[in-house]
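These features come from TrEMBL:
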- 33-52: transmembrane segment (TRANSMEM)
- 64-84: transmembrane segment (TRANSMEM)
- 90-107: transmembrane segment (TRANSMEM)
- 119-137: transmembrane segment (TRANSMEM)
- 143-160: transmembrane segment (TRANSMEM)
- 180-199: transmembrane segment (TRANSMEM)
- 228-282: domain 'MIR' (DOMAIN)
- 306-365: domain 'MIR' (DOMAIN)
- 375-431: domain 'MIR' (DOMAIN)
- 505-526: transmembrane segment (TRANSMEM)
- 547-564: transmembrane segment (TRANSMEM)
- 576-593: transmembrane segment (TRANSMEM)
- 605-630: transmembrane segment (TRANSMEM)
- 670-688: compositional bias 'Low complexity' (COMPBIAS)
- 670-830: region 'Disordered' (REGION)
Amino acid sequence: MLIALTGWLAGFDGNFDFKDIGKDYLEPGVPYVAMRLFPALCGISLAPFMFLTLKTVGCRTMTAAMGAGLIIFENGLLTQARLILLDSPLVGATALTVLAFSCFTNQHEQGPPKAFQPAWWFWLAMTGLGLGVTVSIKWVGLFTIAWVGALTLVQLWVLLGDNKNVTLRLWAKHIAARTFCLIVIPVTFYMAMFAIHFVCLVNPGDGDGFMSSEFQATLNSKGMKDVAADVVLGSRVTIRHVNTQGGYLHSHPLMYPTGSKQQQITLYPHKDENNVWLLENQTQPLGSDGKPINGTKAWDDLAGGPQFITDGTVLRLYHQPTHRRLHSHDVRPPVSEAEWQNEVSAYGFDGFDGDANDFFRVEIAKKKSIGTAAKERLRTIETKFRLVHIMSGCVLFSHKVKLPEWASEQQEVTCAKSGSLPNSLWYIEHNEHPKLGDDVEKVNYRDPGFLGKFWELQQVMWRTNAGLVESHAWDSRPESWPILRRGINFWGKNHTQIYLIGNPIVWLSSTLAIVVWVLFKGIAVLRWQRSYNDYSSNTFKRFDYEIGTYVLGWALHYFPFYLMQRQLFLHHYFPALYFAVVALCQVFDYLTARIPGVGARDGAAVNRIATVCFLVLSVAAFTLYAPLAYGNQWTKSECNRVKLFSGWDWDCNNFLDSYAAYAAEDTPSSSLAASSTSPGAKKPSPAEAAKKNAKDAGVSSPSPPPAPRVVSQEEKVEYRDQDGNLLDPEQVKELEGKIDFQTKYETRTRVLDENGNEMPMPEGGWPAEMGAGVAPPHPDVQGVDKETVKVDDAKPNQDAAASRDGEREAERAKAKPASESKDATGKDEL
């Protein structure tokens, strides 16, 4: 939302989707400079945060400056901060939290008498605010919460042991203060961000399909009016799937390309008339004369009034728009071809009574239904039920499997013999019947309220994040991150490339610092076990605790990724890298200035010299890889020279051999340069340019005639029969609706000579000198196109125009049952 706020303040209208890399920002008017400014500022803030943090933990000023320099010249952080991405704000918020908690730790270590002073409260509250900001940007902030929480427990444990200065009442006060600042403030901030989110995003969009119907009903244009509660025979209903949020039970006049080749049944996520089903009894009702009443309105005027649909009722579901019934048989579905799954189709035609494979029994899921009445009979929204196919015993089923393009990539519906219960549950959303007046009981979706919407969105975010398990061309696993074995290719164009790779000096040295502390800790524990008195040294103790604090932060931001099966990338290591750089600078400071006996007597001089040398080395490494961060020009030899690992898989062949080659590419040819020297000069024609080149070469050439000029290009639509004969408008009107036409487009180019007369097109087309704007002759204009296949009248047009729901649908030339057999159902279906 912070990036969205930046864009909104800069005038962004929200119509650009940012889905594809390399899309033009200029023509749509995207304020990309302002939107990139926010992540850039977050990246810039890392340097002062690092400096202040290192000063807070007791490092020398030179060491703190070195830490800031390592952040400034870290190629990976720089690359990420230059783009509209979340990781730079995430690391910035993490750095703010680290600084705030380090300052609070300094206040805490001054002893109980200094507790609850203004500075103490300020840094504790800032820590809580930083935690709230961090976790609101990305859930990686939970690892930062774990780090602060673990160290807070250590602080409280030490306070509990201070019997002289800390009473139980004072200790309880410390707990209350930390609970408020480190739990209440972050949680309140996090929830407040979602409250703002709900206030701003009140309209439906691409992501609302992930949410429940109750959630969607709170969005503008997604809410619905109260509808009749009781569902009766003859009700016109829409049926929704419970578990997948795939949408409504749906059919359209498109056929399966395999199997029975009958009409498709899908789940469609939007409201549409093709979602409407008429609920019929398994037999037609009888009139006063004892004869069956036929037609779709047979249940509208029953003498006994509307009949409830109770648990166990056998129904037929009639699809009103296409006059077919929901149908299943022992045929494998086109996508899920398992033996336990049967195809579900729409079968029949207007006036056809159907067959036994149209029968489905209603089974109410009493534990899932709301209210006593909903457990006994079908009620709108409240009743969750299954539809069991009478002939085969399978259950109407759907899951998160998309059908191919021939079904508009809608969700698959099958009849499953062993499907899971959640994927087999349905409910009725819309319900209307002519005999259900305005005075009947009405129902609607309950309002989930803020807490309900908040909790549901957290669940959807968790499932969506965990569902990113497919491999990616540039993903990597955590074990490769500390040693920088692989990066991420962001962009490439015009022999330049942006590739996310870190500064190897910073990454490898920070990893080495972690290893040094771990070895130190292991040896210290062994010596402590052998009763050595190492911890009596204040320097030894500070080295252990201070560096261990940030090594713990590194571990908590790194090792949890080993438990994740989702896609992971190098940028997920950035928060851990920040902690590793803090630890590196602390180890560096101790080794060069704070451990007695290390280096020269003048520790400050050693520290300065070592700092300058290390920074120079880091800047040199940064310079080597800077072209990948900025997308600058680079040569193949320079590129290949700095590849340290085989996993560094940016493409050196993308670059040119020399910088002179780049200059030559950017410099226009001499003839073009000459023609553009004067802004008002007339551009020479191709013939004139050829004449000039010949003259320059010392070759005389005759003066060519004036070049013809293209005056217009016209587009029109013509209708021709299968033999290529042109049809007049009356013939087209007469044949309309009876046959299918293939539409071909002709682009006609008119060329005039110097006298203004139209010139006929020569055989072979116009010469190349005339420019790329002259279109070649269209084959269908010259006669019949051999590639054109005559359309069979009986074949459905699978590429017809889009219907109201945005699908591509086709109508048959003549209505007929999906099966060509005289029997409604073949023996193989029984």
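Positions of Cβ are set from backbone N, Cα and C atoms, glycine also.
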Contact set of the transmembrane segment (33-52) with the rest of its chain, CB cutoff 8 A exclusive, min separation 6+ beyond the ends, reads 2-3, 6-7, 9-10, 12, 64-65, 67-72, 77-78, 80-85, 88-89, 91-93, 95-96, 98-99, 578, 581-582, 585
DSSP puts the residues of the domain 'MIR' (306-365) at 3 helix, 26 strand, 31 coil
Its residues classified by DSSP, the domain 'MIR' (375-431) shows 7 helix, 27 strand, 23 coil
Stretch-level contact, the transmembrane segment (547-564) and the transmembrane segment (180-199), CB cutoff 8 A, at least 3 pairs: no
When counting C-beta pairs under 8 angstroms to the transmembrane segment (576-593), the leading stretch of 64-84, 90-107, 143-160, 180-199, 605-630 is 64-84
Secondary structure split (DSSP) over the domain 'MIR' (228-282) reads 3 helix, 29 strand, 23 coil
Counting only pairs 6 or more apart in sequence, are there at least 3 Cβ pairs under 8 Å between the transmembrane segment (64-84) and the transmembrane segment (143-160)? no
With the cut-off at Cβ under 8 Å and a gap of six or more residues from its ends, the chain residues touching the transmembrane segment (505-526) are 70, 73-74, 76, 482-484, 534-535, 540, 543-544, 547-548, 551, 554, 577, 580-581, 583-584, 586-588, 614, 617-618, 621
